[in-house]
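A.B. asks: Okay, these came from TrEMBL:
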type     : residues                                                                : note
ACT_SITE : His248                                                                  : active site, proton acceptor
BINDING  : 77-79, Ser106, Gln128, Tyr130, Thr156, Lys224, Ser246, 279-283, 302-303 : FMN binding site
BINDING  : Arg165, His248, Arg251                                                  : glyoxylate binding site
DOMAIN   : 1-353                                                                   : domain 'FMN hydroxy acid dehydrogenase'
Amino acid sequence: MPLVCLTDFQAYAQEHLSKSTWDFIEGGSDECFTRDDNIAAFKRIRLRPRYLRDVREVDTRTTIQGEEITAPICIAPTGFHCLVWPDGEMSTARAAQAAGICYVISTYASCSLEDIVATAPRGLKWFQLYATSDRQLNKQLVQRAEALGFKALVITVDTPKMGNRRCDFRNQLDLQRNLLLKDLRSPKERHTTPYFQMSPIDSSFCWNDITWLQSLTRLPIILKGILTKEDAELAVKHNVHGVIVSNHGGRQLDDVPASIDALTEVVAAVKGKMEVYLDGGIRTGNDVLKALALGAKCVFLGRPILWGLAYKGEHGVEEVLNLIKNEFHTSMSLTGCRSVAEINQDLVQFSRL
């Protein structure tokens, strides 16, 4: 039976992955309210289609940070892809390159940055950084990513401490002890430490450190995890190039707003001075359209990419991306949008239910 929607890939992955791996991928923090509300919140938004428009040609292309992508649907940073497919992030990178979209590679990738770049040299790649307490390691990672051709630096800001992920506690999951990760340092240094040591996340990392990072690199800096107008305004003040409205897939602080519910506040706060993106809860082409109508420049997929990877590796990720891109094309056609530029807030309304 063909897989015809993202939830079909979800069901396949749940059936074929180990319980601890599935729980790690799907788990949220505490009661998982925010994880589930990320999806439910999209259903509280209705579309307002416009008809009798010539939609024989619909163009899904757009740009992020000046780089063209085939659709405003990209891959969010998630770690440990080798948990679900042997080639891990290398397979994901090849699929992203084939699809013509951006892949944000995690600090906790289970393949080396060099191998990922080598396997998909033409793909648009951003690097996601968890700021650790080792300043020198942070500097090395940022400068190495720039030297390897990454086009932006994504700083995850919502993780001064890991969230309370009950499933991982129940499964006694210890990624540092049980996963053999490729060392993220340069190949010349690997003989000293065979596997990447998961340095503690720096809980003191603050706005002043953004300025320090800007001094290390020419790459545009994107902040991932912004949920309020106050932090959005500070991002503008600190001259970053973009923000990703995100609650970490509901894996950090529970009971915060769904990403789509926080989007309008953040978009209004930045006043067009930077690009705003969104992740969390995207499951259909309609969801993509709603996010763009409310001001997102692009959306990023997290868990669905891992479901595709678990299905057929590189080809499974390609299927997931092609499926939601086709759904988005249909959504544009059926609402009368011939280009991404025509998607605006008039296309949506919030349900009273």
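Every residue, even glycine, has its Cβ placed from backbone N, Cα and C.
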A.B. asks: Excluding Arg165, His248, Arg251 themselves, which residues in that chain have a Cβ inside 8 Å of the centre of the Cβ atoms defining the glyoxylate site?
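C.D. replies: Neighbours within 8 Å of the Cβ centroid, excluding Arg165, His248, Arg251: Gly27, Gly28, Ser29, Arg35, Met162, Gly163, Gly249, Gly250, Gln252.
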A.B. asks: Please name which of the recorded positions listed here, Arg165, His248, Arg251, is nearest in space to Thr156 (FMN binding site), Cα against Cα.
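C.D. replies: Of all the candidates listed, His248 is nearest in space.
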A.B. asks: What is the interatomic distance between the Cα atoms of Gly302 (FMN binding site) and His248 (active site, proton acceptor), given in whole Å?
C.D. replies: 9
A.B. asks: At the Cα level, what's the spacing in Å between Ile282 (FMN binding site) and His248 (active site, proton acceptor), rounded?
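C.D. replies: One finds 13 Å between the Cα atoms of these residues.
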A.B. asks: Return only the integer: C-alpha distance in Å from Arg251 (glyoxylate binding site) to Gly280 (FMN binding site).
C.D. replies: 10
A.B. asks: So among the binding-site residues Pro77, Gly79, Gly280, Gly302, who's got the most Cβ atoms within 10 Å?
C.D. replies: Gly280
A.B. asks: Using Cα coordinates, what distance in whole Å links the residue listed as 'active site, proton acceptor' and Arg165 (glyoxylate binding site)?
C.D. replies: 12
